[in-house]
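**Student:** Take this structure, written in structure tokens, and hold onto it; I'll ask about it next.
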Amino acid sequence: MWWDERVSARFRRNLQPTLTYWSVFFSFGLCIAFLGPTLLDLRCQTQSSLSQITWVFFSQQFCLLLGSCLGGVFKRTLAQSLFALFASSLAISLVFAIIPLCHNVVVLAVVMAVAGLAMGCIDTISNMQLVKIYQKDSAIFLQALHFFVGFGALLSPLIADPFLSDTNCILSNSTANASSNLPHIRKSLVPHHPGNLSHYDLPMKGMVVTRVSYAFWIMALINLPVPIAVFFLLYKERMVPCFNGSSHPLLSADELAMETRPVDKDELSTPVQRAQAAGGHDDLFSCCQSKNFRGASYTYFAVHVTGALVLFMTDGIVGEYSGFVYSYAVEEPLSVVHKVAGYLPSLFWGFITLGRLISIPVSYRMKPATMVFINVVGVLITFLLLLIFSSSVVFLFVGTASLGLFLSSTFPSMLAYTEDILQYQGCATTVLVTGAGIGEMVLQLLVGSIIHDRGSYSFLVCGMIFGCLAFTFYTFLVFFHRMYPKPSAELDDASPAKAAVSDDTGQYQR
């Protein structure tokens, strides 16, 4: 095995919760990518206009951000976290099953808002719990976690594809003319962003002919084992009221004894750790309470802010690039044919998933800080080359693949790096997840308006600017890392107390 026995033993000890969190993130990925390719069939199902149906995108993304902010509320105990994950993963299966029954666009938007809340809770809680379990060894497991969201995002469009309408799914007198635009419109509906569709005219009244319902029911069945897995974890942890008599806890008696060992005051090595020991990793609103700031230096806040700003930019690049690379390719000077340009978003997401798979073993041998540095520098160089060779269709495909690889591991590496700086006592997970979600929403809207006013070339210029800002904020983060108080300042490395802290981290907290 390419990791050492210590990490392997910790993984075996926490095998069931780890696999459960990975499977829940698969639900997240399954739900985040289906909306783009199925939106035209959903428009037919609800008999709404393109401008009306694209509000479904907004309802999902806005509530995903809201769910990410509120997810920390359910993290105060393991029971709350698992019940929230069970409810969220079950809600996603129910959403898939209910979508075919939504014949009104407002009802569909509400249903997708529920899905967004569930996805936000999954995003925050799963990242938090893995960081709590593995702490300094969390980077490799976070990389695997984000691989599963990419795998789910690739799978759902493949499931939907056989059931998508080849022609316009509302039959009327204008169907023939509208159907000629259908491939172009469908390729514009990539994950996360619907594109500018106001100038397309499709019929709103007529006979609806679509089989997309089968795709959603298949996805509901595929996702159903996920809430079952979370329920089984609740059962094993004796947290289900009706079934808590005969099951056994996940930890052995020795491990539970270690986990419940009183923490000596000397083990809280810095004022910030002592201030945060009772309530680290809270929700965004609890993190902002003044009691959490007592005794904290300015570097404590600077690490949170700069880490969130790096992900604001990099996740924003993911959203804006996947949303507008197709529109950029079909415009002059490239003028790529629509069918070929349609492969660009898929290539981008495919290499994001591939990069996350490659990052699993790499993250064990390489520090998170080094991986983030390689990522942001790689993004900068890729955008620079895309600007230099802006007239080359071949390099657009090469650059798209390269950008996907460099962006793939940025989020989990950044999360592991920032949590390590804060010694796993701050609110980094909640702040970083929220910052990434805000960036994905804001930069899409910003780039969309700039492209509308300045032309398609501004798409690459914006990406270059965002990449430069990401590198700048990362530089500030490294600077504040060097100034942040370290445990070794007050606790000798060879002391028994320090050894006890290192050995006891990573247990499955109840």
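Keep in mind that glycine also has a Cβ here, set from the backbone N, Cα and C atoms.
Marked as region 'Disordered' by TrEMBL: 489-510. As annotated by TrEMBL, transmembrane segment applies to 21-40, 52-74, 81-99, 105-126, 138-159, 214-235, 298-318, 340-358, 395-417, 429-451, 457-480.
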**Student:** Report, as numbers and ranges, every residue of the chain located at least six residues beyond the transmembrane segment (21-40) whose Cβ falls under 8 Å of a Cβ in that stretch; write 'none' if there are none.
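**Tutor:** Same-chain contacts beyond the flanks: 53-54, 56-57, 60, 85, 88-89, 92-93, 95-96, 112, 115, 118-119, 122-123, 126, 129-130, 144-146, 148-157, 159-161, 164-165, 169, 182, 185-186, 189-192, 194, 212, 215-216, 219, 222-223, 225-226, 229-230, 349.
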**Student:** Please work out whether the transmembrane segment (457-480) lies in contact with the transmembrane segment (298-318), by counting C-beta pairs under 8 angstroms that are 6 or more apart in sequence and asking whether there are at least 3.
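**Tutor:** Answer yes, regions in contact.
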**Student:** Within the same chain, where does the transmembrane segment (340-358) have neighbours whose Cβ lies under 8 angstroms from its own Cβ atoms, ignoring anything closer than 6 residues to its ends? I mean 6 or more beyond.
**Tutor:** 33, 143-144, 146-147, 150-151, 153-154, 157, 183, 186-187, 190-191, 318, 321-322, 325-326, 329-330, 396-397, 400-409, 412
**Student:** Quick one: do the transmembrane segment (214-235) and the transmembrane segment (81-99) reach 3+ CB pairs under 8 Å, ignoring pairs fewer than 6 apart in sequence?
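**Tutor:** Result for the transmembrane segment (214-235) with the transmembrane segment (81-99) is yes.
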**Student:** Any chance the transmembrane segment (298-318) and the transmembrane segment (395-417) are in contact, meaning at least three CB pairs closer than 8 A with a sequence separation of 6+?
**Tutor:** yes
**Student:** By a Cβ-Cβ criterion of under 8 Å, what residues six or more beyond either terminus of the transmembrane segment (395-417) are in contact with it?
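**Tutor:** Apart from its flanks, the transmembrane segment (395-417) reaches 127, 131, 138-139, 142-143, 145-146, 150, 307, 310-311, 314-315, 317-318, 321, 325, 329, 334, 336, 343-344, 347-356, 358-359, 362-363, 367-369, 371-372, 374-376, 378-379, 382-383, 385-386, 389, 428-429, 432, 436.
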**Student:** Look at every Cβ pair spanning the transmembrane segment (429-451) and the transmembrane segment (81-99), keep those 6 or more apart in sequence, and say whether at least 3 of them are under 8 Å.
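**Tutor:** The answer is no, given that the two segments have fewer than 3 Cβ pairs within the 8 Å cut-off.
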